[in-house]
Amino acid sequence: MPDITLILLGAGNSTRFESDVKKQWLYSGEIPLWLHVAESFEAMGAFAKIVIVSSPEDIGLMKHFADYTYVQGGETRQASLKNALEDVTTEYVLVSDIARCCVPAAMIHRILDAREEASCIVPVLPVTDTLYLAQTPLDREQVRIIQTPQLSVTKTLKQALQTDQLFTDDSSAVASMGKKVHFVEGSHEAHKLTTISDLKKLPCIEAPSGKTLTGFGLDIHPFEEGKAMVLCGVKIAVDYGFKAHSDGDVAIHALIDALLGAAGMGDIGELYPDTDQSYAGANSTRLLSDTVRKIRTHGYTIGNVDMTILAQAPRLLPYKEKMKHSIASLLEIRPHLVNIKATTAEKLGFVGRKEGVTVHAVANLTYYNWKQK
């Protein structure tokens, strides 16, 4: 049985990355960066458990990709690490950052082979530039660049973090207890992804796949007297609306499901449940804007959408162009990429009896192409 747990930290909000897409969700081929990193480590060593630390929103989606252990991050890297360590029972723990995405196998093996040398095994690089501290030159032979992953004795690392003092890495925490830290050779390949320009320094990351991802959405709402009718964010001049927990914009609801389906993010009921009173009477355009944000930050680009509205009443032809531009604006795409069709049910069924409306929606997504940026 392996005696090492792997912890990969990725709960940061990518502020310095300066992109709409979280760096954890940039795609390499057909998998997001965090999964590329996890699978790379998994292929290089036998671990008792792999723990991914991330935000609650991301964890919900990550679970669709792989069966790892997921832990909610904290306000700081140290808080995130403490959360991850709570259920670690192996003798050793290997901690790295998802942003450290091109760690070579030889570097991992050097770290693991040295496990009995000290309480913490740390990969380092020499400094080749001249260094000053304020106005005083430093002896660069005494300075090292510290990298991750770092291997620690689990019990020691847990004890070291039981303090209010903040540490920038595991070795600093272990060293603060007077425990021995052992250096091994690091690697220039293990460059950390901090800004978008760093992507050029990461040869192990492939360009995203050019595959198109398609999702389908369907929603149905009955009419209700005395409510305002809104379709695609456009008010329709009739004296009835839709019976619903929110404003009942059946077209936007179908579109949200299509977008979520293409991204593999579940459905509208999971993200915006009708049991949550905060969505009572909610403006559906707000829900769509939030869905678009989720889609973009998780590595997707919206291509085109196609919607079919089945309605015996009201007559929608006068509103189609306005609805098209409303959806294009909400999706932040060009109007020609939005197609809206309206048809009757030939007086058949509940739609034909003018009891409600059904909407079908199809949405196409592609992976965000960071290679072209």
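Cβ coordinates are placed from backbone N, Cα and C, and glycine is handled just like the others.
The divalent metal cation site in Swiss-Prot is built from D219, H221 plus one of H182, H253, H298, H325, namely H253. Per-residue confidence over the region '2-C-methyl-D-erythritol 2,4-cyclodiphosphate synthase' (213-373) averages out at a pLDDT of 94. Rounded to the nearest whole angstrom, the C-alpha distance between R140 (site 'Positions MEP for the nucleophilic attack') and D276 (4-CDP-2-C-methyl-D-erythritol 2-phosphate binding site) is 58. Fewest other C-beta atoms within 10 angstroms, among the recorded positions R16, H253, are seen around R16. Secondary structure at R140 (site 'Positions MEP for the nucleophilic attack'), taken from DSSP and collapsed to helix, strand or coil, is helix. In the three-state DSSP reading, T344 (site 'Transition state stabilizer') counts as coil. Least crowded of the recorded positions (K23, K192, H221, H245, R353), judged by neighbouring Cβ atoms within 10 Å of its own Cβ: R353.
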